[in-house]
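The following features are taken from TrEMBL:
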SIGNAL    1-20  signal peptide
TRANSMEM  277-299  transmembrane segment
TRANSMEM  343-367  transmembrane segment
TRANSMEM  373-398  transmembrane segment
TRANSMEM  410-434  transmembrane segment
TRANSMEM  446-469  transmembrane segment
TRANSMEM  497-523  transmembrane segment
TRANSMEM  529-557  transmembrane segment
TRANSMEM  569-588  transmembrane segment
TRANSMEM  600-629  transmembrane segment
Amino acid sequence: FQERLRYMLVLLLLLHGTDSFYVPGVAPINFHRNDPVEIKAVKLTSSRTQLPYEYYSLPFCQPSKITYKAENLGEVLRGDRIVNTPFQVSMNVEKKCEVLCNFPNKPVVLTVEQSKLIAERIREDYYVHLIADNLPVATRLEFYSNREEEEKKKEKDVQFEHGYRLGFMDGNKFYLHNHLSFILYYHREDVEESQEHTYRVVRFEVIPQSIKLEDLKADEKSMCTLPEATGSAPQEIDPTKENQLLFTYSVHWEESDIKWASRWDTYLTMSDVQIHWFSIINSVVVVFFLSGILSMIIIRTLRKDIANYNKEDDIEDTMEESGWKLVHGDVFRPPQYPMILSSLLGSGIQLFCMILIVIFVAMLGMLSPSSRGALMTTACFLFMFMGVFGGFFAGRLYRTLKGHRWKKGAFCTATLYPGVVFGICFVLNCFIWGKHSSGAVPFPTMVALLCMWFGISLPLVYLGYYFGFRKQPYDNPVRTNQIPRQIPEQRWYMNKFVGILMAGILPFGAMFIELFFIFSAIWENQFYYLFGFLFLVFIILVVSCSQISIVMVYFQLCAEDYRWWWRTFLVSGGSAFYVLIYAVFYFVNKLDIVEFIPSLLYFGYTALMVLSFWLLTGTIGFYAAYMFVRKIYAAVKID
């Protein structure tokens, strides 16, 4: 046990090293003084509506020529539409206050329609996301933590909010943030004396302000003077009439000690790493403690069983056989719908390989948040290419279950789960299209995904299935009888649904704190980067699913019920049921979603997550139980 504990601590230390280390996604850009630093807009987001919009969906100032950046698959699926903006920022050049568009004597006039739209977006709590040199803009939030009174005076806790708020409400009035104070931090690179200094952007902050048109005193050169903080009124947007305002900005540069390689740390500093450690250690202890107990019980009971069953005395005369040996002639009887079972398990294997590789690569730091959309793109492509493994395992299992129509089986494996995913996503996408959101997947991208599905995934599944079906089927240690045995009446606790409830608790308990952080990342626009923790949680999940599945199948066989194939698959995925309940709890307590379409999106995507999680955990449990059943029946002598 001490050895095991020592290994766990070493692993934890290694993972602690990986949770904040990552390889930056792009090469650094060196700027000289006065070089232009381009500021681009990504999108507008809100955790209340879950619908991203592109930057120019609102009447912001536009440059003379709008150019969109070519995007990868992950960025398109996330709803990013990266576009240039008219902000003129030069390296290490201060700007006190400058008008962004139109001349000072001609303010921007918002029509009633535009004013209504801006007011609605402010009410829906939208944030604007800009980037400078691929760094997202952040708003600094300072607050006092609950420390001792003396310490309070000394230090404030600083946290950063992604993007900046479009505006704010006061009573029933709407105010727009029309002045942006950019604070950019640079790191001066070491160069030889004769060379000119080079700079790198290491942080991008903004202080948004709402300043009334009359208070922004602008001259003919598009310069303006900001009013004193106390005496200025905010810029109100009245949705019932036209509004006049000026969009202005200022730029301030500061030198920083932060190296370019660690410039993302500001965005990734999680205030609750302690919670992570606590939850992980808690999960590890619980799971290993339970594994120890379960292993001891199962191994001791099994040894006793096998010793009893293998006694060559006239045991038949003295006692009547009972327990799992009785069903040896039926335990490997093929179940109903073997094609669907093997197809679902094939998709489960595909998911398992994809998730394992993605988390591992991300843990090594190759999918950092600085390479936008990389995680999603990698996951999509990996799922397509892992089709070959999914097909192989499904084909081999289908042959073991006495299936003959391998072509139909391969088609079923390649289309069943992806078809459900594509169907749900297509329906949700139609609703997002109706809202004109940038989160809607464009038609060409959808065609490209279909081509990937039928051009890469389908042939690979067929290839894997062909080889899996040709390979020797799994070797079952006992023969199946001609006539199926009658199953005795089962106790109430052997019911499928009771099994699902019991089996789901342990795996879910081991990972639910991590689930909270993943949900926050998906639904509240946070960055998720603790892949070291996630990898450990994934291992814990695999171990706990396997154990629970073995225990459940052992009890079932002891009750002389040999219909374990489907049941093991369903029961092992029991934690997906708890994930669903948790998702409902999160929706009610943590999110402020009230409208129909955002709720539909939330539950649509949650259904996909739960389905995928059920396939994943069900597959892990099924293969663990299948190996266990083959092992125990191989150990008993059967006449």
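In case you wondered, yes, glycine gets a Cβ from its N, Cα and C as well.
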Tertiary contacts of the transmembrane segment (373-398) (same chain, 6+ residues out, Cβ under 8 Å): 25, 71-78, 80, 338-339, 341-343, 345-351, 353-354, 357-358, 361-362, 367, 406, 409-410, 413-414, 449, 452-453, 456-458, 460-471, 473-474
Result, the transmembrane segment (410-434) in contact with the transmembrane segment (497-523) (3+ CB pairs under 8 Å): no
For the transmembrane segment (569-588), sequence-distant contacts whose Cβ falls under 8 Å of one of its Cβ atoms, 6 or more beyond its ends: 341, 344-345, 496, 499-508, 511-512, 515-516, 519, 523, 541, 545, 548-549, 552, 599, 602-603, 606, 609-611, 613-622, 624-625
Residues from the same chain, set at least six apart from the ends of the transmembrane segment (277-299), whose C-beta lies under 8 A from its own: 1, 4, 8, 12, 506, 509-511, 513-514, 533, 536-537, 540, 543-544, 547, 550-551, 554
